[in-house]
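Some features that TrEMBL has for this protein:
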- 1-190: region 'Enoyl-CoA hydratase' (REGION)
- Glu118: site 'Important for catalytic activity' (SITE)
- Glu140: site 'Important for catalytic activity' (SITE)
- 310-707: region '3-hydroxyacyl-CoA dehydrogenase' (REGION)
- 315-493: domain '3-hydroxyacyl-CoA dehydrogenase NAD binding' (DOMAIN)
- 496-589: domain '3-hydroxyacyl-CoA dehydrogenase C-terminal' (DOMAIN)
- 619-704: domain '3-hydroxyacyl-CoA dehydrogenase C-terminal' (DOMAIN)
Amino acid sequence: MSEQKAFTLELRDDHVAVIHIDVPGESMNTLKASFAEEVAQVLNQLEQQNDLKGVVVISDKPGSFVAGADISMIDACENAADTESLARQGQAMFDRIEALKVPVVAAIDGACLGGGLELALACHHRIATDSNKTIIGLPEVQLGLLPGSGGTQRLPRLIGVQKALPLILTGKQLRAKQAKKLGIVDDVVPASILLEAAIKLTLASKARVKKVKHSWLNKALEGTGVGRGIIFSKAREQAQAKAKGNYPALDKIIDTIAYGADKGFQAGLEFEARAFGELAMTPESKQLRNIFFATTAMKKETGAGDTKPRKVERVGVLGGGLMGGGIAYVTAAKAGLTARIKDIAETGIVHALKYSYDLMNKKVKRKHMTRTELEATMLRLSGSLDYSGFDRVDVVIEAVFEDLKLKQQMVADIESVASEHTIFATNTSSLPITKIAATAKRPENVIGLHYFSPVDKMPLAEIITHKGTSGETIATTVALAKKQGKTPIVVTDGAGFYVNRILAPYMNEAARLVLAGEPIEAVDNALVKFGFPVGPMKLMDEVGIDVAAKVAPIMADELGDRFRAPDAFDKLLGDDRKGKKNKKGFYSYSGKKPGKQVDDSVYGLLGITPAAKLGAEEIAQRAVLLMLNEAVYCLDEGIIRSPRDGDIGAIFGIGFPPFRGGPFRYMDALGIHEVVSRLQDYQQQHGDRYTPAPLLLKMVENNERFY
Ligand SMILES: C[C@H](O)CC(=O)SCCNC(=O)CCNC(=O)[C@H](O)C(C)(C)COP(=O)(O)OP(=O)(O)OC[C@H]1O[C@@H](n2cnc3c(N)ncnc32)[C@H](O)[C@@H]1OP(=O)(O)O
């Protein structure tokens, strides 16, 4: 019996050859080095056909063209030479496709990413389906890599350097229509006629690589060394401002495209393969690949072992405020479910409906969504001042004020109007789920579902169980959060749950540094340089100083003195400084650059004269070590289930630098011994809040790691 192949060739009567891609036994097509031989055979056969009129490359897996090179294969390489040779192998294969004497058309339905798009770019033309599953892009940068099989050379030549650079530098994934607008695909068609349309195109076109047609201005820019110099130096500046030198792939991408533009296509490919090999060996890429593996594994988990989730069709949302509006939006737009919003005031319902409408209207304007899709989504949203319709909802998500009595009342109300299976998920960020469930008739249905603001953008959801939450409730809530586009982590009940708990000591320490005289921007810049998206003082303004002031004593009472916040909230709130929401915080929200400049009057208010004494590294370590230590407490106490969940929670919930892999991967990289030694050092200098978590000491004794 012959072994099933990933690449097979069909020679049709109309003299068009179709290369079918179908990697056996896998849900997605990816490119592996082991396919080289069979691709070579297919190409040999094609090169020998005399009467060939055209070639179509298509996937036999609906909804998956090619999702790139196999990331596990890249991960398994032990040195730069091995990864470089993988890139070269891909380049050689694609060069042969491009060199075919007849027109070659890539027929794209589903993910066409990384090596998949590089394959399609080597074809003479591309045609894509209008399916939602069709996504087109070069996401290698998100793995700390660059496109290694011709992407850095072919995309700029097809659409121009200025359009290609941002796509490769961000890894942005495009819908078919956007790809057409940029000139990456020739046409967009329904999936049902994809093959037919591709055959038509191959018969009607030429075997010639398309090149970008420049306006005279772009010709002056991209067509001359001086012009390109301007483009690349601006790109370098922007990359440095954004990445603070933490992502080596960015500079390499710019260097590679620049080199190819100056020295020609072949030289560019050489440079690209070498850069790919080097980048694959960087610790940054290794950590980013770990995140890919972690999130892919998490997509399959139910959160409750073998327990199956119940089917969810209708969701009720209590409260139409900022969070409720966002939750209703992700339910209707992302999950495709109906969401019924209940509020005590009509204005609440109107706010929630308008919230969704405004978000989608922006998408329609940017052509990311059609008006019909907007209207269909709006039809899934409804509102009410009473519980009408709630007898049919499968899950209720509560987003009302942080008031225990009110939330317990909501549980009682839902238990009386909804079915015995209806899940009550509370979006509390500070109240214990155990207390909310304490008065419930069916506590097994009560669970926490903590979203982060803004709900439509933040990727994490914390799912909080109390002792009595049933497996079915957990599995159903996890499945719902995933449908809403979230990456959920299941945590157990406790003050701050996981994310806010590790955030609190970090924020407190930043405030302490400021109170000791470090300038606010020095503290924020140090942590941005470390890799966080915003600094802690800026974050405090975003979250609300009043909110932080309310939560801080609760955390300290529940978790002990290491959570005690420095004494400054009274002065700040006495001056009505709540942060961005009332345009009065650590930063100034008036003037030309609102939110960008520190409001110096805050120093006088706090009675300090700022004077920088510490270096950026010292500042970052002071705050970050407390976050790391707290993450270890959370693991030891069973708040999180694994270091992996702790890493993903911190990266997706707080923006812990992805290239460091998350708190646990970072500690492994530093060495547990080193983490303990730094903590003990600070413990002596700054006090007991730095006492290493007992688990860390045990790990040092046993010479253990988290992974
Ligand atoms: C030389 C080149 O330039 C280098 C490269 O091409 S590097 C690779 C670039 N490509 C990427 O980064 C894309 C990575 N993949 C994805 O983003 C997402 O998987 C996707 C958007 C394609 C699909 O997402 P989704 O529908 O949620 O499916 P998801 O569960 O993630 O993936 C389905 C399966 O495909 C696998 N898969 C997808 N892309 C993969 C890849 N590039 N390598 C290895 N496995 C991959 C997943 O591991 C998973 O396998 P499993 O079912 O055995 O666990």
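Backbone N, Cα and C atoms are what each Cβ position is placed from, and that goes for glycine too.
Source: prediction; values computed, not measured.
Around the Cβ of Glu118 (site 'Important for catalytic activity'), a 10 Å sphere holds 30 further Cβ atoms from the protein chains shown. The CA atom of Glu140 (site 'Important for catalytic activity') is located 11 Å away from the CA atom of Glu118 (site 'Important for catalytic activity'). Over all protein chains present, the Cβ of Glu140 (site 'Important for catalytic activity') has 32 other Cβ atoms lying within 10 Å.
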